[in-house]
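A quick write-up on the structure given underneath.
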Amino acid sequence: MAVFALGLVLETLGLYSIVGVLRIATQGLPSLWDSSLLIQNQHFDGVRVRVYQPKRPAARKRKGFVYLHGGAGTYGSIDAYERVLRHFAKETDSVVVAVGYQLGPENPYPNQYTECLKATVHFMKNAEDFGADPSRIIISGDSCGANFATRICQWLVDRTDLPKMHAQVLIYPALQGMDFYLPSYQQNRRVPIMWREFVIYFCCLYLKKDKSIINDVLESCHVPEDLKLKYSKWVNADLVPKEFKVRGYKPQDPALYKFKPQVYEQIKEILSETFSPLFAEDAVICKLPQTYISICEFDVVRDDGLLYKKRLEDNGVPVTLSHAKGGIHGVISLFGYGIFSLPSAEVIVTDVTKFVKSL
């Protein structure tokens with residue numbers, strides 16, 4: 001939280017940007033050489049990636065594990081996740097491919113998603129070159145990386161020229177840009193590291209939109225009535241399980257909603273399926289592979305994960321849900337940093353490892 005505060009102060013003074021501060025703070029510390037892994041920096045279809053291959057002999061081709069890091073599309077890096085990526089490669093005995101997509105706003109939306117898609121497709125076509133089984137590829141990510149993974153998995157369902165995705169692993173995914181009054185947004189509006197207002201701030205930054213619309217977006221003024229009616233069947237506080245609404249939840253006052261066409265025109269991309277994959281049609285959702293979803297108790301986007309779980313289950317897709325009690329958004333990037341590695345990060349990483357090993 002202190003990093004966000006420092007960034008906001010420096011940005012207000014015109015000395016430095018909040019994104020610049022966050023990029024420095026999330027670079028991660030150098031890791032020691034690991035004799036059990038072959039680690040290579042490569043380019044897949046022009047996109048920078050890092051490949052982690054276990055050195056020990058394998059009885060058969062290994063699983064492939066594509067990982068897309070979080071950071072609101074504007075910060076974060078492979079280096080920041082180095083420890084958790086090495087852990088997944090060693091403990092799941094998988095070939096891990098981490099995608100180092102170019103960040104916004106310098107690289108305009110949807111380049112981040114597009115680069116992740118290109119790298120994923122390249123790996124699916126060439127998995128055997130890295131000792132991975134193309135029929136056992138898992139796509140994963142956290143936060144906005146989980147958003148990219150979700151949409152990529154949806155895009156792939158009708159690609160007959162590629163192997164089917166084996167599974168998807170979504171760690172505290174952010175999946176919709178319509179309703180910021182869901183219980184988790186209210187309950188955790190002032191919980192580090194992602195305040196409710198910061199979600200819209202970074203959406204505007206990522207999409208290169210004027211930040212003057214933040215309050216209007218928080219009140220759903222960017223959502224046309226017809227789309228609000230259409231998507232409410234999938235994004236609605238009534239669909240969130242009761243046990244997640246006992247703490248500090250109050251339904252939105254309908255009087256606060258007033259559609260503003262000019263706001264919609266400014267940020268209508270936020271309601272597209274590329275940005276909000278929770279809005280994909282049932283005809284797509286029903287074809288998705290088995291899914292693991294991790295949510296954190298004190299996270300504004302917790303309910304996005306719960307709502308997507310319901311959509312998947314309603315369409316017959318097997319889902320494993322992990323609820324990290326006491327967890328906050330972004331916690332997995334601290335895994336492996338000794339006293340800074342929070343218990344909830346250990347829980348998430350352990351649960352993901354168990355799920356991947358079971359496949």
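One is the number of the first residue shown, and numbering goes on along the chain from there.
From the backbone N, Cα and C atoms, a Cβ is placed for every residue, glycine too.
Record features, source TrEMBL:
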ACT_SITE  S143  active site
ACT_SITE  D299  active site
ACT_SITE  H329  active site
DOMAIN    65-211  domain 'Alpha/beta hydrolase fold-3'
DOMAIN    270-332  domain 'Alpha/beta hydrolase fold-3'
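Shown here: features listed in TrEMBL, placed on the structure.
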residue	record	DSSP class
S143	active site	coil
D299	active site	coil
H329	active site	coil
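The Cβ neighbour count for H329 (active site), using a 10 Å radius and every protein chain shown, is 24. Taking Cβ-Cβ distances under 8 Å and a sequence separation of 6 or more, the neighbours of S143 (active site) in its chain are G70, G71, A72, I171, Y172, P173, A174, V301, H329, G330.
In sequence order, Y172, S184, N188, V191, M194, G327, I328, H329 are the residues of the chain that are 6 or more apart from D299 (active site) and have a CB within less than 8 Å of its CB.
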